Amino acid sequence: MEIVLAIGIGVLAGSGVWLLLRPRTFQVIIGLSLLSYAINLFIVAMGRLKIDAAPILGSHAAADITGLPDPLPQALVLTAIVISFATTALFLVVLIASRGLTGTDHVDGREP
Amino acid sequence: MNNLMIAPVVLPLFAGAIMLALGGEQRRNISAALNIITSFALVAISIILLRAADVAPTGVAGVYRLGDWPAPFAIVLVVDRLATLMLLLTSLLAAAAAVFSLARWHRAGVLFHPLFQFMLMGINGAFLTGDLFNLFVFIEVLLAASYGLALHGSGSARVKAGLHYIAVNLVASLLFLIGVSLIYGVTGTLNMADLATRIPAIGAQDRALLEAGAGILGIAFLVKAGMWPLCFWLPGTYAAAPPPVAAIFAVLTKVGAYIIIRLSLLLFGDGTGASAQFGDQLLLMGGMATVAFGAIGSLASQDMARLASFSVLVSSGTILATIGLGQVGVTGAALFYLISSTLGLGAFFLLIELVERDREPGADVLAVTRELYGDEDDSENSQETGIAIPATIGILGVAFISCALVISGMPPLSGFVAKFAILTTALGSPANELPLAIWIFLFLLIVSGLAALIAMTRAGIRSFWASPDRTIPRVRLIEMAPVAVLLLLCAIQTVEAGPIMRFMQATAQSLHAPHHYVRGVLDSPAKPSDSRGPT
């Protein structure tokens, strides 16, 4: 389980960084999205992995706090998803504006 | 008093929300009035909080617990000397920029006033918050609003610079998340005071992970503070942003510097076990590289907005390097410098627009070309438009000289006092382990002042001693008054240097001995009647 998650995070982050360094705006935004997925998974992993456990509350675990997953990484992931969704949407708007103003999708606004 | 602690966050939030609800172009006057009222109310609130923090024996005026949960488990806002100092600085600049924008800039696009208030909310929240989770949220709020403001007025230069600015900051935010989650994975808490108590007890096997997390977190803030080599986005963005926005952006780099000051001294100050002084060397070296880069850049810049942007880099580089020195006295002097340079740069960004108004675009580039290749086009005949007020050029010139004095650190204004304080405290400290680095830093500090003076003089000669047939800019009182007030504040900082420096040194001492902060947050007594009562 750990190795699958680690490989998943690594592949997403590696692809994200590669795309982020490309000169086309579409690649940049896809790279940012992939990178943010990788980081969301990473935050969840930092709250410790647990297999075959209830997501929030098991039927038997109400009194036993050790049976509960850590809520803080989940809250952090949720916040990060919402914020990165909003900022990515805003970035997309700026990309479209840039495309409209300069007529090219190169990040510097002109073809090299 | 108790509920006043959350007012710097809640007041701009409500003001911005009301402006959004009002919406529309036709109600812009109401929004503008609301913006001005809120900005000035924030100045008053910050002064009250600052006085409260100053008279409090521990330097912590209060800890505001949202929902009244005890500290490590929920959100706390901590009002101490450093936070109130930064609040006051932000609100002063914000009030000046808001007044300045009324002349014409707030009409350049939609939603200027709500975005302005949301950015203030984010900045104030970042200064007040006591845990890393909310720091992330507030930083994102201020960034999201700043994206909108950087693009205010549109135009292809702004969109291009804004594109780079947004991309860099999105990546920095992702680094922030990695750092925060690594620190959480090791320590199991995100409350800053709780972290400070837990870090000395971290085992040797987890320490590398903790330091990696702190390092990545630090990179995220160093991008925002503009440390070389993470600063290449900054000059373009600041030069392209509309002037009132650029003036308030002068505080944004200081948000990064503030968090570096706060976290490095709280989590990795003296007496935190094996990780003490983590990253100080990097801050010192990086800060010095930033000062050098900024000085060279300001000499090379061909228009005033870029010159001001590179001066921002010099300012934040100086602050980062002084934090890296890690001495109490130097930190106090650095805080004095932070206030002085931010006010000076804010005034300069506002002034640039007034000086350059009505000049044809690219005039500065042409002027530099003429310096090199001689004046050949003396046959141009432009006629005077505009009402020539004879005093305008004089007033602008005096303001420009004052800005130059503050930024380069020449007497008699506060820049000189600030740099002098840094120099004397750094030299007067007892023997330390890196005398060479300190000497290099002092050399860079003086040379960067000289570079700023040369660059500003060149820019001043080009725009004030220009050919007599240039049009005299038409300047309104509400545009000139904010610049004058900001420069007056620098003058006050010089006259009242004694008491202000005492406050800064008290702040530095409480930063370097954070046990009052930690105790104040973790032991804050549960007093429902106080926290829920009327102010």
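Glycine is no exception: its Cβ is also placed from the backbone N, Cα and C atoms.
Feature annotation from TrEMBL assigns domain 'NADH:quinone oxidoreductase/Mrp antiporter transmembrane' to B:130-430.
With a cut-off of 8 Å between Cβ atoms, the residues of this chain six or more beyond the transmembrane segment (B:6-23) that come close are 30-31, 34-35, 37-38, 41-42, 45-46, 49, 64, 66, 77, 87, 91, 111, 113-118, 120-121, 124-125, 127-128. Taken from TrEMBL, the feature transmembrane segment applies to B:6-23 (among others).
When Cβ-Cβ distances below 8 Å are used as the criterion, the transmembrane segment (B:30-53) is approached by residues 1, 4-5, 7-8, 11-12, 15, 18-19, 22, 59-62, 79-81, 83-85, 87-88, 90-92, 94-95, 98-99, 102, 106, 113-114, 116-117, 120, 124 of the same chain, each at least six residues removed from its ends. Taken from TrEMBL, the feature transmembrane segment covers B:30-53 (among others).
When Cβ-Cβ distances below 8 Å are used as the criterion, the transmembrane segment (B:73-103) is approached by residues 5-6, 8-9, 32, 35-36, 39-40, 42-43, 45-47, 49-50, 52-54, 59-67, 112, 116, 120, 123-124, 127-131, 134, 191, 193, 243-245, 247-248, 250-251, 254-255, 258, 261-262, 335, 338-339, 342-343, 346-347, 350, 476, 478-479, 481-483, 485-486, 489, 503-504, 506-507, 510-511, 517, 520-521, 524 of the same chain, each at least six residues removed from its ends. Residues or ranges marked as transmembrane segment in TrEMBL: B:73-103 (among others).
According to TrEMBL, the transmembrane segment annotation covers B:133-151 (among others). Below 8 angstroms of C-beta separation, residues 75, 109, 111-112, 115-116, 118-119, 121-123, 125-126, 158-159, 161-162, 165-166, 169, 173, 176-177, 180, 190, 224, 237, 240-242, 245, 248-249, 252, 255, 259 of the same chain, each at least six residues beyond the ends of the transmembrane segment (B:133-151), sit close to that stretch.
For B:163-186 (among others), the entry in TrEMBL reads transmembrane segment. Non-local neighbours of the transmembrane segment (B:163-186) in the same chain are 132-133, 136, 139-140, 143, 147, 150, 195, 202, 206, 209-210, 212-221, 223-224, 233, 236-237; each lies 6+ residues outside the stretch with a CB under 8 Å from one of its CB atoms.
Residues annotated as transmembrane segment in TrEMBL: B:214-234 (among others). For the transmembrane segment (B:214-234), the list of distant contacts is 132, 139, 164-165, 168-169, 171-173, 175-176, 178-180, 182-183, 252-257, 259-260, 263-264, 267-268, 275, 278-279, 282, 286-287, 289-290, 292-293, 309, 312-313, 316-317, 319-320: same-chain residues at least six beyond its ends, Cβ to Cβ under 8 Å.
Residues 82, 86, 89-90, 93-94, 96-97, 100, 116, 119, 123, 126-127, 135, 139, 142, 146, 149-150, 192-193, 195-196, 199, 214, 217-218, 221-226, 234, 237-239, 275-280, 283, 305, 308-309, 312, 315-316, 319-320, 323, 331, 338, 342, 345-347, 349-350, 511-514, 517-518 of the same chain lie 6+ residues outside the transmembrane segment (B:246-269) yet bring a C-beta within less than 8 angstroms of a C-beta in it. Here TrEMBL flags B:246-269 (among others) as transmembrane segment.
What TrEMBL lists as transmembrane segment is B:307-328 (among others). Within the chain carrying the transmembrane segment (B:307-328), a Cβ under 8 angstroms from the stretch's Cβ atoms is held by residues 222, 225-228, 231, 234-239, 246, 250, 253-254, 256-257, 260-261, 264-265, 277, 280-295, 297-298, 301, 334, 337-338, 341-342, 345, 348-349, 352, 407, 422, 425-426, 429, 432, 438, 441, 444-445, 448, 452, 455-456, 459, 505, 508-509, 512, all 6 or more beyond its ends.
Per TrEMBL, the feature transmembrane segment maps to B:334-352 (among others). Counting residues 6+ beyond its ends, the transmembrane segment (B:334-352) has Cβ neighbours under 8 Å at 82, 85, 89, 92-93, 96-97, 100, 238, 243-244, 246-251, 254, 257, 304-305, 308, 311-312, 315, 318-319, 322-323, 396, 399-400, 402-403, 406-407, 413-415, 417-419, 421-422, 479, 482-483, 486-487, 489-490, 493, 497, 500-501, 504, 507-508 in the same chain.
Among the features that TrEMBL reports, transmembrane segment is placed at B:387-407 (among others).
Residues annotated as transmembrane segment in TrEMBL: B:436-456 (among others). Residues 284-285, 287-288, 291-292, 294-296, 298-299, 301, 307, 311, 314, 318, 321, 325, 400, 403-404, 407-410, 419, 422-423, 426-427 of the same chain lie 6 or more positions beyond the ends of the transmembrane segment (B:436-456) yet place their CB under 8 Å from a CB of it.
Positions annotated as transmembrane segment by TrEMBL: B:477-495 (among others). Long-range contacts of the transmembrane segment (B:477-495) within the same chain, counting only residues at least 6 positions beyond its ends with a Cβ under 8 Å from a Cβ of the stretch, are 92-93, 95-97, 99-100, 102-103, 336, 339-340, 343-344, 346-347, 350-351, 354, 395, 399, 402-403, 406, 412-417.
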